[in-house]
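A short write-up of the structure that comes next.
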Amino acid sequence: MMEATGLEGLESTSSPCPGSTGTGLSWDNGTRHNATFPEPLPALYVLLPVVYSVICAVGLVGNAAVICVILRAPKMKTVTHVFILNLAIADGLFTLVLPTNIAEHLLQRWPFGEVLCKLVLAIDHCNIFSSVYFLAAMSIDRYLVVLATARSRRMPRRTVHRAKVASLCVWLGVTVAVLPFLTFAGVYNNELQVTSCGLSFPRPERAWFQASRIYTLVLGFVVPMCTLCVLYADLLRRLRALRLHSGAKALGKAKRKVSLLVLAVLAVGLLCWTPFHLASIVALTTDLPQTPLVIIVSYVVTSLSYTSSCLNPFLYAFLDHSFRKSLRTACRCQGA
């Protein structure tokens, strides 16, 4: 299961590491709720289920609304909305399995069996990769649109069908990226004989565990973020050149085409996921003791990454006029 970010160091142990989406990969001898964290923070036992429940409820309702509106409204059949739809599906799937995290936390054991353990861990890890890669797809699409507009060119190849194909490729890539975690996922008994859902690596466990962190960090953050940084740096350079050589008309038109919605979704995604991956770097490079402060920071970072799954619908409602209009129409139809 996804747990605290694991800011604590990696200790040598023969037990499987707790399951996680990559945030809570602390190297210890149990889950986050029994052996991982001692009892000096009993407030977490009450607070975490409340936070997770709010995220789950808001995320399920919000993403379900996004999916229904985009599928039913003719005006929402655009390239950008294809990517938004897939991002909502990914976030919705994650919030759908979040109750298992809540149940595990309250029961302090895994009660759901091997099959559901593998499924939940797979969806957990899918959320890491799918979120960032659909954000990247939206940003790359916006980059190409701005460049084409600035050059007064059309984009006949930019179609909804191609966006669907690109989305399918993202899902296939994410599935391949998650397969290694699915292979090692399973139910085990920790040293306290408590049933847990986690990742069971072969020996040497420490090396495998470190490799899993690096794998998630590189594929789930470094590669897509470096790509986006290069693209946006190139975009700024080109727009600056247009201002110098082509006059303000093309530049103004290009600026108008920059989608505030895409930039806002990207910014929120980075805000929610950057601390998550920075925590992985800290865990790989330092050996922090399991102090109350480290435990609290770990859970805060984990909860922040969870929050990304429920914030996007609010951005669409505030920044996307067509989405607001279609949502109001759908609500009126339901009321009638």
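Backbone N, Cα and C define each Cβ position, glycine as well.
If you look up Swiss-Prot, you'll see 1-45 (among others) marked as topological domain 'Extracellular'.
What Swiss-Prot records for 1-25 is region 'Disordered'.
Residues or ranges marked as compositional bias 'Low complexity' in Swiss-Prot: 12-25.
Residues annotated as N-linked glycosylation site in Swiss-Prot, with sequence analysis given as evidence: N29 (among others).
Residues or ranges marked as N-linked glycosylation site in Swiss-Prot: N34 (among others).
Swiss-Prot lists 46-68 (among others) with the feature transmembrane segment.
Long-range Cβ contacts of the topological domain 'Cytoplasmic' (69-80) within its own chain (Cβ-Cβ under 8 Å, at least 6 residues beyond either end) map to 88, 138, 141-142, 158-160, 162-163, 259, 261-262, 322-323, 325-327, 329-330. The topological domain 'Cytoplasmic' annotation in Swiss-Prot covers 69-80 (among others), and the record cites sequence analysis as its basis.
Feature annotation from Swiss-Prot assigns transmembrane segment to 81-103 (among others).
Marked as topological domain 'Extracellular' by Swiss-Prot on the basis of sequence analysis: 104-127 (among others).
Reduced to three states, the DSSP call for C197 (disulfide bond) is strand. According to Swiss-Prot, the disulfide bond annotation covers C117-C197.
The transmembrane segment annotation in Swiss-Prot covers 128-146 (among others).
The topological domain 'Cytoplasmic' annotation in Swiss-Prot covers 147-165 (among others).
Away from its own ends, the transmembrane segment (166-188) comes close to residues 15-16, 19, 82-83, 86, 110, 113-114, 117-118, 121-122, 125-126, 129-130, 133-134, 137, 195-201, 212, 215, 219-220 of its chain (Cβ-Cβ under 8 Å, at least six residues beyond either end). Positions annotated as transmembrane segment by Swiss-Prot: 166-188 (among others).
Summarising the annotation, Swiss-Prot assigns topological domain 'Extracellular' to 189-213 (among others).
What Swiss-Prot records for 214-236 (among others) is transmembrane segment, and it gives sequence analysis as the kind of evidence.
For 237-256 (among others), the entry in Swiss-Prot reads topological domain 'Cytoplasmic'.
Of the listed disulfide-bonded residues, namely C117, C197, the sparsest Cβ surroundings within 10 Å are found at C117. With a cut-off of 8 Å on Cβ pairs spaced 6 or more residues apart, the transmembrane segment (46-68) and the transmembrane segment (128-146) reach fewer than 3 such pairs and are scored as not touching.
Within the chain, the transmembrane segment (128-146) has long-range Cβ neighbours (under 8 A, six or more residues past its boundaries) at 21-22, 79-80, 83-84, 86-87, 90-91, 155, 158, 163, 166-167, 170-171, 173-174, 177-178, 216, 219-221, 224-225, 227-228, 231-232, 235, 239, 254, 257-259, 262-263, 265-266, 269, 273, 308-309. Within the model, the topological domain 'Extracellular' (104-127) carries an average pLDDT of 92.
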